[in-house]
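So the structure is just underneath, and the comments pick up after that.
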Amino acid sequence: MSSPLSQAFAQNFLGHSPRWYKLTILAFLLSNPLLLWLAGPTVAAWVLVGEFIFTLAMALKCYPLQPGGLLVLEALLLGLASPEALYAELQHNFPVLLLLMFMVAGIYFMKDLLLLLFSRLLLGVRSKTLLSLLFCLLAALLSAFLDALTVTAVVISVAVAFFAVYHRVASGQRASEDYDPATDRQVPELHRAHLEEFRAFLRSLLMHAAVGTALGGVCTLVGEPQNLLIGHEAGWHFVEFFRQVAPVSMPVLAAGLLTCVALEKSRRFGYGAQLPAAVRQVLAEYAAGESRKRGPQQKAALLVQALAALVLMIGLALHVAEVGLIGLLVIVLITAFTGITDEHQIGRAFQEALPFTALLVAFFAVVAVIHQQHLFTPIIQAVLALPAERQPGMLFIANGLLSAISDNVFVATIYITEVKQALDAGHMTREHFDTLAVAINTGTNLPSVATPNGQAAFLFLLTSSIAPLVRLSYGRMVWMALPYTLVMGGLGWWAVSHWL
């Protein structure tokens, strides 16, 4: 092989990623077969989980789909999981894939309405503490009845629009068609300080909203995918689910909102950044300009979007169909009644979610490895061997730790299945089963905010287009989530252990 061709292969491998990153991924790929041969499949599988988490942590160096995809492809070739096991995981999580394909695209077609509403909220509320509290509370309320990924997609769409508006003005590219908000090369030094402050401002709002989706999502039957699973196994309907979980979810919700206020007041952990006056002026002028340009056709489109949002909320609340199918309904309604019929224009709506959908398939391959190698089985057995009064608290901790590194739907599935089998075998009372079901639900929802891979909404935020724009890395997300993790995890454990 010629030297120029070798260099070309080296440069093409993982694109513009740093050289050390490329070498690290190659080292992973070369060492895994050796590790499987020397240490066995269990050790190799745990190492694979760690390697995949590394690719997520380095998401700003390289999108995790490529390095993570290579790792899971190797895992399938080495026999750590079978293609059939991966397919079974995808079938089990098909509603989540449907949601990503269609619901996120549906939200894209509602962005004009959302931008109007959120711009009025952002420009109308001067207090950053109150604004943060509203973002967190609204995200919690919406996630209790919608889906956390849907709510996160809304907030991301708004943040991207706001950032692009100011960045375009700051870089003097108001009318440029090939404008790229990802680079600051055209931003003069005069505006850079304001731009960095605006980035910090948006980062804090995004994190408050993301945590809010977890605070609200734990409360109801439809808040998170695993809630439906647990509710089905326990035989709880909507009201009964809320009542059973309330002794844990309500105190944690209150504590989470107080934490939001405390973080903004203390300006710790990356919070407390204010909206610069110059940025507020630009956004206000943009909002006023958009309002002046809004003619009858645009107003009619906003009305259609509002009606579609109403249909969306009713459909989700009544669960008339899978969430993704309701998203497809929204796409059809809005595009049909606002005149969006161009194929390329429709295609742009899917650009945000489909890369993440592909990444989630790779993530489910890791879950298949965990499942097929029984990595969590010893932990489950150890918890269920404890005295009955200690089981809820330990289940909460075990769920939280495992959900922080794996898929919380998978963790909840494993635990609730084991506990239901113990109930059916007569090893526990129905009352104790209900207590353990609440521990599993809250354990998979609350402490899992510790890492982006613990919550699908957090992972979606990390790998979305807004993350590089506002410099929101894996490490920064972990750091900013830390106070919430300690409060929600600590109080959640105490409530599960003493208040159920």
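Every residue, even glycine, has its Cβ placed from backbone N, Cα and C.
In Swiss-Prot, the feature transmembrane segment is placed on 68-88, out of the ranges 5-25, 68-88.
Same-chain neighbours of the transmembrane segment (121-141): 151, 155, 162, 201, 204-205, 208-213, 215-216, 253, 256-257, 260-261, 263-265, 271-275, 280, 283-284, 287, counting only residues six or more beyond its ends whose CB sits under 8 Å from a CB of the stretch. A contact links the transmembrane segment (301-318) to the transmembrane segment (145-165), because at least 3 Cβ pairs that are 6 or more residues apart lie under 8 A. Away from its own ends, the transmembrane segment (68-88) comes close to residues 25, 28-29, 32-33, 36, 41, 44-45, 48, 51-52, 55-56, 358-359, 361-366, 368-369, 371-373 of its chain (Cβ-Cβ under 8 Å, at least six residues beyond either end).
Here the transmembrane segment (350-370) has Cβ contacts under 8 Å with residues 45, 48-49, 52, 63-65, 68-69, 72, 75-76, 80-82, 85-86, 88-90, 93, 96-97, 100-101, 104-105, 108, 153, 156, 376, 406-407, 410, 453, 456, 459-460, 463-465 of the same chain, all six or more residues outside its ends. Away from its own ends, the transmembrane segment (477-497) comes close to residues 203-204, 207, 211, 214-215, 247-248, 251-252, 255-256, 259, 262-263, 268-271, 392-393, 395-397, 400, 438-439, 442-443, 446-447, 449-452, 458, 461-462 of its chain (Cβ-Cβ under 8 Å, at least six residues beyond either end). Among the recorded stretches 28-50, 98-118, 145-165, 205-225, the one sharing the largest number of Cβ pairs closer than 8 Å with the transmembrane segment (449-469) is 145-165.
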